Amino acid sequence: MHPQVASLFDNVYEDLAAATLEFIGTAFFLLFGLGGIQASTAEDTASSQPPASGIEHVLYISTCMGFSLVVSAWLFFRVTGGLFNPNISFALLLVGGLKPLRFVLFCIAQLTGAIAGAAIVRGLTSAPLSVNNVLQQGTSAAQGVFIEMFITAALVLSVLMLAAEKHEATPFAPVGIGLTLFACHLFAVYYTGAAMNSARAFGPAVISGFPEPQHWVYWVGPFLGSLLGAGFYATLKHYKYWRLNPDQATSDYRKSPSDPVALLKSTAETFINVGDEETRNGCASNEEGVRATGDEKSSNATSSRTNFSPV
């Protein structure tokens, strides 16, 4: 077999293996993220206590999804990148981080993995699936699109700047990405359910029979967010953002700020020396002025004697 053809088949094999693991990772991520949300709803339904307040639900849902992503992404970070999101995959395709074949395979894996994760949650719990992304009352489709666009752009940018960009903090990228998901949920879960991920919205919708008539919002908004986040990242790269703060991502201790106490002491000594020098200059100027005045008086006296004529 021709070496180039053999290399192509090797790449396809690797892409298929990575996509298979991305399927598992997506199902794993949504199993625990959606499972936590489902448990919260079931608890409110079964409990005789008053239901939890809205803010408690928002915090619980945000924590479930954010921490599930931290754990899942960290487990799969060195295997597939831990994307679990076709919108992230699309952004990486736009900036050259994914090749077209792997992008297509990853999208298929992420969508089917989301269906599998939602199906497992539904099969393991007795209550109807209550984890669908829906527009809350008072939230229009246009508002939903823009909310999803902006929060997806934030998530995309966190992935590109923390994981795609290589620097000292790259191994800890899953933490930053998970916290970004957590923060975006705090804002948007009350309005749109905070998908930021077309697969996360698609999986439960398939299992539940698409209860949200405006389901298209969770495709248009996140993919617009991918374009926005990737475009902003590309602009930063084009203008070489690292020149603005070149020593920020280094571990060289010599790039740290100087000893503040020594700097303060040096500054104080400089001011004292400047003050002493000004004082000396002032004294010298006064002495020169006195001498000049004395010389002028002597000159005037001599001139008076010279011009004096006896009568």
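The backbone N, Cα and C atoms fix where each Cβ goes, and this holds for glycine too.
From a predicted model like this one, the values you see are computed outputs, not experimental measurements.
Under the heading compositional bias 'Basic and acidic residues', Swiss-Prot lists 288-298.
Here Swiss-Prot flags 299-311 as compositional bias 'Polar residues'.
The N-linked glycosylation site annotation in Swiss-Prot covers Asn300 and rests on sequence analysis.
Here Swiss-Prot flags 276-311 as region 'Disordered'.
The topological domain 'Cytoplasmic' annotation in Swiss-Prot covers 1-16 (among others) and is backed by a curator's inference.
Under the heading topological domain 'Extracellular', Swiss-Prot lists 38-56 (among others).
Among the features that Swiss-Prot reports, topological domain 'Cytoplasmic' is placed at 122-143 (among others), with the record citing a curator's inference. For the topological domain 'Cytoplasmic' (122-143), the residues of the chain that approach it from at least six positions outside its boundaries are 34-35, 37-39, 41-42, 45, 190-195, 200-201, 204-205, 207-208, 211-212, 214, 217-218, judged by C-beta separation under 8 angstroms.
Per Swiss-Prot, topological domain 'Extracellular' is recorded for 165-168 (among others), and the stated evidence type is a curator's inference. Within its own chain, the topological domain 'Extracellular' (165-168) is flanked in space by residues 249-251, which lie at least six positions past its ends and keep a Cβ under 8 Å from the stretch.
If you take every residue in the topological domain 'Cytoplasmic' (190-215) and average the pLDDT, you get 96. The annotation topological domain 'Cytoplasmic' is assigned in Swiss-Prot to 190-215 (among others) on the grounds of a curator's inference.
Annotation comment: Swiss-Prot describes 237-311 (among others) as topological domain 'Extracellular', evidence class a curator's inference.
Here Swiss-Prot flags 17-37 (among others) as transmembrane segment, drawing on sequence analysis. Counting residues 6+ beyond its ends, the transmembrane segment (17-37) has Cβ neighbours under 8 Å at 60-61, 63-65, 68-69, 71-73, 75-76, 79-80, 82-84, 102, 105-106, 108-110, 112-114, 116-118, 120-121, 124-125, 130-131, 199-200, 203-204 in the same chain.
Taken from Swiss-Prot, the feature transmembrane segment covers 57-77 (among others), and the record attributes it to sequence analysis.
Here Swiss-Prot flags 79-99 (among others) as transmembrane segment, drawing on sequence analysis.
Same-chain residues lying 6+ beyond the ends of the transmembrane segment (101-121) with a Cβ under 8 Å from its Cβ atoms: 11-12, 15-16, 18-20, 22-31, 34-35, 38, 80, 83-86, 89-90, 92-93, 129, 131, 198-200, 202-204, 206-207. According to Swiss-Prot, the transmembrane segment annotation covers 101-121 (among others), on the basis of sequence analysis.
For the transmembrane segment (144-164), the list of distant contacts is 77, 81, 83, 85, 87-88, 91-92, 95, 97, 135, 170, 172-174, 176-177, 180-181, 183-184, 187-188, 191-192, 194-197, 214, 217-218, 220-222, 224-226, 228-230, 232-233: same-chain residues at least six beyond its ends, Cβ to Cβ under 8 Å. The annotation transmembrane segment is assigned in Swiss-Prot to 144-164 (among others) on the grounds of sequence analysis.
Annotation source Swiss-Prot lists transmembrane segment at 169-189 (among others), citing sequence analysis.
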For the transmembrane segment (169-189), distant same-chain residues with Cβ under 8 A (at least six beyond the ends):
58-59, 61-63, 65-67, 69-70, 73-74, 77, 82, 147-148, 151, 154-155, 158-159, 162-163, 196, 249
DSSP says what for the topological domain 'Cytoplasmic' (190-215): how many helix, strand, coil residues?
11 helix, 0 strand, 15 coil
With helix taken as DSSP H, G or I, strand as E or B and everything else coil, how many residues of the topological domain 'Cytoplasmic' (122-143) land in each class?
6 helix, 0 strand, 16 coil
